[in-house]
Amino acid sequence: MPVSPTPEQIAIIESTKPVTMIEAVAGAGKTTVLACVLKRACDKGVAPAQAIALCFSQGAKERLTQKFVEEGAPRGIVVQTVEEFARQQVISMAGASYLDMPVFYDSNEQIRPHIVAAAEAVWQRYADAGVLTDFDFSFDSNERIEDFIRLLVRLKANLVTLEFEARDTDEIAESLDESAELIAICKEVERQRGTDSGECVWQSPFDHVTDLIGLFRRQPEAVNVLPRFRICVVDEWHDVNAAEFALVQLLARHARLVVVGDRDQIINAERGADPALSSNGFDFAFPGATRQAITRTFRFGSSLSALAGAMMRRECVSQPGLSTRVTYMPYQPGADNDCAAMVVATITAARARKDAKLSDFAVVVRDADQSIDIENQLIDAEIPYRCSGFDSYLVRPEILMLRGLLHIATGSYDTLSGEKLSTEKLVRSLGLYASARFDSDADFASLLSFDERLAPELKNERRWKEALRMITAEPATLESFFSGILCRVSSVDSDSTGRWKIRFAEVVATLREMAANVAVKNTAVQLLTYAVRQLDLASATSRVFVSRGRADSATRSIDAFIRFAGNRPDQSATDFLRELAARQASIGKKLNYLKGRAQLDLTTVQYAKGKEWPQVLIPYLERGQFPRTANLGEERRLLYVAMTRAMTSLTLFEPAEAFASRRSALLPRP
Ligand SMILES: Nc1ncnc2c1ncn2[C@@H]1O[C@H](COP(=O)(O)OP(=O)(O)OP(=O)(O)O)[C@@H](O)[C@H]1O
């Protein structure tokens, strides 16, 4: 149903000013107004394909698309994340021969070898030139790789990488307060990628926009390949970084531009979102731009406005007539599943009172690993749910790897039969943990015989696909594939990787003996605990994932999974595998059957941004859980985003009075 716009909103919708910025609090109708602006433009003769709506996340894209339907905007308007748009333009530029088609990467793990190679090359240069340095050029720890990628993303977001050719390394290093060696390695990564010659052999998602801007600087006529829109709107404008800003400026040369944002919802500082761009930077780039305001929120009532306003120290006013109940629900931190149990009890009670439909609820967690206990409780209570923006814990790599170990240990594969997708993910997860690389494994072809006439860069993926085809057809081959291929020490493995593979294979061999020993009943939890301890999975996990946050989250997932197995102290590994398969199937079945309607959303703050639900529940408001980092400004904005998703009811789960010292410092006390 379309809304009836207020005079403030009508002024924006009717405006024909070339550039407009709207800044307003959460729920003020910014996304709604963008949909109305586009509808109005199309009513006045703009063809839908000449209109584009850009945003910065998949969640925001879903929300925009939904709003277009609600406001009756015509079909055919382009709705994309800036990253998607830029990637499509890279493909068009390649089609128009302005560059060669790059290989697209989608994970940091794929970038790792390039960083290692670049660091080695720079080290060699320093050594050849006889330059003495204390800098550690080894990039074998994921922490260092992650820090490096973070720096690179920041440099790209700020377009510094485009100055590499023209500026001296020491000068850049000094201006950024970074070491010259690090900047030299950044330069080398870009050089090996072919950025200086415009080749860009491979691109990560964070390269698309910068590479485009670089191309336009080198070959200005390539700009003509960009599509010409008559109107361009941008949602969540405060998330924009300098590179994206430059791209939007190019689009605005021919298009009317309307951007909307809320400075308190910047939760993407890591990818270079810079408040300066949406304040002075905007006025500088678009002199004479119009600024318009929407002063009230339409989403929630005054009790939540007061809470959000106090937390962010800004005025937050609700449209009259709205009411939102804010409830604080105490739980016992640390006690087994108490917070998760309270969440599920709250939902069950509201449903019993017939207060709300299931699809009215969203449980918004700080990070995906907080979902495990909640998922298990929801499954036990037979409440259908869907994980939005992340995978259910049952199919995360760290858990699939453990499930894979149990399959191999017990020799029981019946639950994998016919489960092609899960089996593939499981095999890849084992490969991830085993540090398997097939690209330079010359013996691989003889181990799995198939056509090897392939370009070298395709071999790794092609070999994986062949292995997956074999195992999904015959799951019992997983055992020999694991010990014979995944854990086989190859010539490219470092000493430590070689040792790790041998250890991995030994532990799994012991697990098989334990599971086969009929004299001692080895339960699922015993096998898992043995594996976790013997493999030192916490350290292994921090080697597997480049992102520290992702590794921490995986380690917490493993801990929660072991606790879950521990709640079934007598269950055999085979029965445990069957139970997991049944749980996974129950989620899948409900999803298909209900087509996403009658189920609650279990989601993360990042993914919830831009969305809304009548009933929002935020669990784990305790120190170490929310906030999780020392960046309290960012943590506060995350919580602001989470709580302002609520319409009629917000429930905040925090430690009970007896544990008051463990409560989150983010929430203002009433
Ligand atoms: N004029 C209006 N009358 C009634 N409801 C409205 C009006 N404008 C917007 N709304 C409703 O207010 C809610 C919030 O709108 P919207 O999602 O567009 O806000 P937003 O400013 O984009 O929020 P956020 O910044 O949190 O993403 C929606 O339910 C929307 O339908």
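Cβ atoms are placed via backbone N, Cα and C, with glycine included.
Curation does not apply to TrEMBL; its annotations are automatic.
As annotated by TrEMBL, ATP binding site applies to Ala24, Val25, Ala26, Gly27, Ala28, Gly29, Lys30, Thr31. As annotated by TrEMBL, domain 'UvrD-like helicase ATP-binding' applies to 3-301. Residues annotated as domain 'UvrD-like helicase C-terminal' in TrEMBL: 295-610.
What TrEMBL annotates, mapped onto the structure for a quick look.
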residue	record	Cβ contacts under 8 Å, 6 or more apart
Ala24	ATP binding site	Lys30, Val260, Asp262, Ala293, Ile294, Thr295
Val25	ATP binding site	Asp262, Asp264, Thr297, Ala308, Arg314, Cys316, Val317, Thr644
Ala26	ATP binding site	Asp262, Asp264, Gln265, Thr297, Arg299, Ala308, Tyr640, Val641, Thr644
Gly27	ATP binding site	Thr297, Phe298, Arg299, Phe300, Glu612, Thr644
Ala28	ATP binding site	Asp262, Ile294, Thr295, Arg296, Thr297, Phe298
Gly29	ATP binding site	Val3, Pro5, Gln9, Ile294, Phe298
Thr31	ATP binding site	Arg63, Leu64, Lys67, Asp235, Val260, Gly610
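All protein chains included, Lys30 (ATP binding site) registers 25 other Cβ atoms within 10 Å of its own Cβ. Take the mean position of the Cβ atoms of Ala24, Val25, Ala26, Gly27, Ala28, Gly29, Lys30, Thr31, the recorded ATP site; other residues of that chain with a Cβ within 8 Å of it are Val260, Asp262, Ile294, Thr297, Phe298, Arg299. On the 0 to 100 pLDDT scale, the domain 'UvrD-like helicase C-terminal' (295-610) averages 86 in this prediction. Closeness to ligand 1 is met by Gly29, Thr31, these being the binding-site residues among Val25, Gly29, Thr31 whose Cβ falls under 6 Å from the molecule.
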